[in-house]
Amino acid sequence: MDPSAESIAGVDEVGRGCWFGPVFAGAVVLTEVAAVELLAEGLTDSKALTVRRRARLVPLIEDAATAWALGQASAREIDALGIRSATELSMLRALQRLPTPLELVLVDGVLPLRLWMGPQRTVVRGDSKCAAIAAASVLAKQARDGLIKRLASRFYGYGLERHVGYGTAIHRRALLDLGPTALHRRSFLTKLFAVHGSLT
């Protein structure tokens with residue numbers, strides 16, 4: 001028997017390629033009715049949404065979802081485990097925080113979630129095909145970007161409020177001028193500093 005929508009979670013990550021800060025994951029359970037309503041409101045992959053549209057969707061998702069949760073893995077965990085394992089850890093943490101028993105997890109992408117012991121299915125481009133995955137993407141993106149922007153005043157000079165940790169030219173120049181912070185992913189910066197100087 002196929003699992004009901006109320007027991008299916010969509011999970012997605014954001015910030016995988018960033019140089020700074022944690023990788024985030026969202027996990028969302030939606031009824032079929034909630035999925036249709038959110039899609040009608042413009043729900044899609046968070047990367048395709050403007051900041052304003054994404055912010056408008058967040059409370060709609062939180063209200064419509066049967067359950068939702070977030071997880072993260074720190075820059076230190078990324079350096080210790082590698083980005084794939086750390087990303088999976090953030091997804092597992094999000095899924096474990098859901099109060100709803102799950103019969104199936106839909107994972108965005110082509111790689112299965114190795115740490116998840118229950119049934120799962122990968123969905124290529126799931127954040128543009130599956131409402132629950134798209135909703136997870138939006139919640140995770142909004143939460144991560146909000147955190148990084150709040151940290152911008154603490155780590156002044158890196159332009160975090162503009163690039164939220166991604167590897168832009170502004171970020172690269174700041175790293176070369178100021179060096180990495182405690183929240184930078186050192187494993188991501190090896191090539192940059194191999195060319196331009198030591199990683200201190």
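Our numbering is plain: 1 for the first residue shown, then up by one each step along the chain.
Placement of Cβ uses the backbone N, Cα and C atoms for every residue, glycine included.
Source: prediction; values computed, not measured.
Annotated divalent metal cation-binding residues in Swiss-Prot are Asp12, Glu13, and among Asp63, Asp79, Asp108 the one listed with them is Asp108. A simple Cβ count within 10 Å picks out one of the binding-site residues Asp12, Glu13, Asp108 as the most packed, and that one is Asp12. Under the DSSP three-state reduction, Asp108 (divalent metal cation binding site) is assigned to strand. Excluding Asp12, Glu13, Asp108 themselves, the residues of that chain whose CB lies within 8 A of the CB mean position for the divalent metal cation site are, in sequence, Val11, Val14, Ala25, Gly26, Met91, Val107, Gly109, Gly126, Asp127, Ile133, Ala136, Ser137, Ala140. In three-state terms derived from DSSP, Asp12 (divalent metal cation binding site) belongs to an extended strand segment.
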